[in-house]
């Protein structure tokens, strides 16, 4: 996978377990663009103690939700200060509501860097439950396995260290169905928004990761 001279400006949409964490690095590698995960950005701004970070921390410490203005401000700051954004960006975890999508579009339009694509990774809930509830993690290294698709050599044991594997508490089926329900409620309007603006593209993410990658390149018109 070689970097090419094209740039890409896109939003990556998909439920937990759809493979965003697999495909985003592929996109970064292919285009040299920046992967902007809003969760990571928020943590980084708070850790650095930037004005936006200080403001966000105050709100989060009180159990509040960080405002759309702060989130869009963070993305704008990242676009202005992160050299990788010169080759474009892959936004992950944002926008989650129509007002966020509108504010994002407005800010990007003002910069002359509008979104080119909103790619939705589509997977049936049943398959996601099978994928996610089988996930096992080696806590200290972050190595992950899967009971069905990528089992460890010895049951519940890390291949490298022989230490026990754990199943994340939010990876049980009931908790997951709740997350999926709220994801659908939140995301369906966003998908409709991007369909209206004409930049939406859906990809069948139930395929093998390599095939998903090929499909993404196809909808981006880059294959």
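Heads up, the Cβ atoms here are built off N, Cα and C, so glycines get one too.
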Say Swiss-Prot lists 17, 18, 19, 20, 21, 22, 144, 145, 207 as binding ATP: which of 9, 135 is in the same site, per that record? 135
Does DSSP give residue 168 (AMP binding site) helix, strand or coil? coil
Beyond the flanks of the region 'NMP' (37-66) by 6 or more, those residues with Cβ under 8 Å of it: 24, 73-75, 77-78, 91-94
Whole-number answer please: how many Å between the C-alpha atoms of residue 94 (AMP binding site) and residue 21 (ATP binding site)? 15
Residue 21 (ATP binding site) to residue 38 (AMP binding site): how many Å between their Cα atoms? 13
C-alpha spacing of residue 96 (AMP binding site) relative to residue 145 (ATP binding site), in angstrom: 29
